[in-house]
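Residues or ranges marked as domain 'Glycoside hydrolase 35 catalytic' by TrEMBL: 4-65, 86-162. Per TrEMBL, the feature domain 'Beta-galactosidase beta-sandwich' maps to 186-241. Per TrEMBL, domain 'Beta-galactosidase galactose-binding' is recorded for 486-552.
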Amino acid sequence: MMKSEGLYASQGGPIILSQIENEYQNIQTAFGPAASQYVNWAAKMAVGLQTGVPWVMCKQTDAPDPVDQIPPISPHCGQRIGHLLYGGLPYIRSAEDIAFHVTLFIARNGSYVNYYMYHGGTNLGRTSSAYVITAYYDQAPLDEYGLLRQPKWGHLKDLHAAIKSCSSTILQGVQKNFSLGQLQEGYTFEVEKGGCVAFLINNDRNKQVDVQFRNRSYQLLPKSISILPDCENVAFNTAKVNVGSNRRIITPTYKFSSADKWKQFEEVVPNFDDTPFKSNSLLEHMNTTKDKSDYLWYTLRYEHNLSCKEPNLHIESAAHVAHAFVNHTYIGGAHGSKDVRSFTLDLPITLNQGTNNISILSVMVGLPDTLDQTNQPSHTYQSHHRHVTSLSTVHSSPHCTPPPITVQAMAPPPVHPDSGAYLERRYAGLTNVEIQCSKEESSDLTNSTWGYQVGLVGEQLQVYKEQNGSDEIVWSPIGVTSKQTLTWYKSEFEAAKGDDPVVLDLSSMGKGEAWVNGESIGRYWILFHDSRGNPSQTLYHVPRSFLKESENVVVLMEEAGGNPLGVSLNTVSVTNLHEKHKISTSLFPSIT
């Protein structure tokens, strides 16, 4: 696609480098000799595309020519900026810190700097991996919307300008390293014809120092590097920021506060008899849904014959979220996290004498990508009239069949957080279901006959499609919005004027997914708070390419009781802190 659109540098486009595979060597040994064959095949396939730009493999020491390999991230390179998980705090690095480590990498003969991430971007649709927020990483030099985040963007721009001014000498010169003090050192690059570049480094985090270099005195700020393109004059210091900071401005353009503007479609909780297929065991979530949906219904027809008056529904899950219904009444839900891979629900329930319908909605928030688990309490939701309590955390095997469930106090060894072998063998979904009365009296439902439904009825009917006029979709006036679960909401709005990025503020919602004009703008999860009690993300990007001038349709699938009357449409801009007026996006300099 990129080649057909003329995006490669060889075609006059902006792409100067391409990567095939990502850190495959971390898991290569698990696949034996076939792994090397795969690496060679992948490289040959990539080169065969004839893009006219170099290809690289990240952390792949056996990358075949002409594919180059990017070595493992050096502790001195410092190129990783991060990404954000639901429930996590943003990993923020200062402009000074990033500049220091990038400059140190160059001084130590580094020649390729990869900022991860340089532009935050948006995980539209269901493209994010497990627990990764839709905004991915908004603290990058270019934020989620492509706006400059100052002073980070400008300071790094000045750094690269300084490096570029003396790049020929750095590439061709002879490197020398020397001491300038106990925590100070220097590097020079010199060529025979007189070119000279120096990097003067102060590794002391607390003290400013004066150093002597070639009969001159230089003042070095704490934890900083000075670049001398001619070995005499300082062109750049990593700790001295000459770029002003800016501030993000969120401007409301429309509030969806009128109930008359909303319609709703209530999701159907399935009965056991209506489910399309059945099994005498708890099926694994991902292999059952085939990633066609985040949702898998587990349903059961239960004949109540226990003597206890206060039965308890006990559920153990290795998915990300679970919602429980008894006779179509929501009784509660819970969820795990990136660190809590399995969780438990213990819910007091009311059963009818005779036949009861138990429906449990298992939810994945992106496909899992690690095996590490820790013994920590899971998170709970408040139901209409009961409080959900997690008593323990369970651990499940990553194999395809549901394993026995045991409570463990020890976490397994850590695994690389962004990759893993045999992803298809990871286990997710329900692992154990019981109705408990006492230690002596309980009913194990794990190996009962379960009915299954992949996805929601609203997904199957595609209620989010702009012009979907199916007779099966009956939108009704909005009802009581407090704590309604599994409800689809729809409204219309006019596009915001101008060119500023557009966002939906979903801070009044709970958890679900949002669509604009039939295009998914991603999952939202407002209820999942970080350690400071704040949602990980409340603003959700609506690309202007999704919008029309008028009659835009927004559809929300709400799982956990959010209120659509608090939703608003906003634009995003930035302003320099020393200026009164916002910066127009049309004035941003080119980043090429």
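Using N, Cα and C of the backbone, Cβ positions are placed for all residues, glycine too.
Helix, strand and coil counts under DSSP for the domain 'Beta-galactosidase beta-sandwich' (186-241) come to 0 helix, 29 strand, 27 coil. Model confidence over the domain 'Beta-galactosidase galactose-binding' (486-552) is summarised by a mean pLDDT of 96. Per DSSP, the domain 'Beta-galactosidase galactose-binding' (486-552) is made up of 3 helix, 31 strand, 33 coil. In the domain 'Glycoside hydrolase 35 catalytic' (86-162), the DSSP tally of helix, strand and coil residues is 24 helix, 5 strand, 48 coil. The DSSP breakdown of the domain 'Glycoside hydrolase 35 catalytic' (4-65), given as helix, strand and coil counts, is 25 helix, 11 strand, 26 coil.
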